[in-house]
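What Swiss-Prot says about this one:
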MOD_RES   SER5  phosphoserine
MOD_RES   SER8  phosphoserine
REGION    18-26  region 'Homomultimerization'
REGION    23-48  region 'Disordered'
MOTIF     34-50  motif 'Nuclear localization signal and RNA-binding (RRE)'
COMPBIAS  36-48  compositional bias 'Basic residues'
MOTIF     73-84  motif 'Nuclear export signal and binding to XPO1'
REGION    90-116  region 'Disordered'
MOD_RES   SER92  phosphoserine
MOD_RES   SER99  phosphoserine
Amino acid sequence: MAGRSGDSDENLLKAIRLIKFLYQSNPPPSPEGTRQARRNRRRRWRARQRQIHSIGERIICTFLGRPEEPVPLQLPPLERLNLNCSEDCGTSGTQGVGSPQIPVEPPAVLESGTEE
């Protein structure tokens, strides 16, 4: 794998094999039996799938040393955000292309609540 060290590749392959084995050890439930029995089997299967998913995340963190939670993206305060188009009305890559946009009045169909 490009840009990775050999040791990291081995750890990644070990983690993938282990997670694949976990998922293969939990096949989907059989469609036989009463509706209630099928529902219970699906519910238990989904619970096991959730457990396998969380175990897989822990395996990835252990083998690859990644943080458990991603670093949150820092957004500016809402007070500083605006939708004012007066400073920069062009969109990137389209400035000067096509005809200039002319503001058009919206149709008067929705203005009155009575039919004519």
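Please read every residue number as a count from 1 along the shown chain.
Glycine residues also receive a Cβ, built from the backbone N, Cα and C atoms like all the rest.
Since this is a predicted model, take the numbers as computed values, not measurements.
Break the region 'Disordered' (23-48) down by DSSP state and the numbers are 16 helix, 0 strand, 10 coil. Below 8 angstroms of C-beta separation, residues 26, 28-30 of the same chain, each at least six residues beyond the ends of the compositional bias 'Basic residues' (36-48), sit close to that stretch. Around SER8 (phosphoserine), a 10 Å sphere centred on its CB holds 14 further CB atoms from the protein chains shown.
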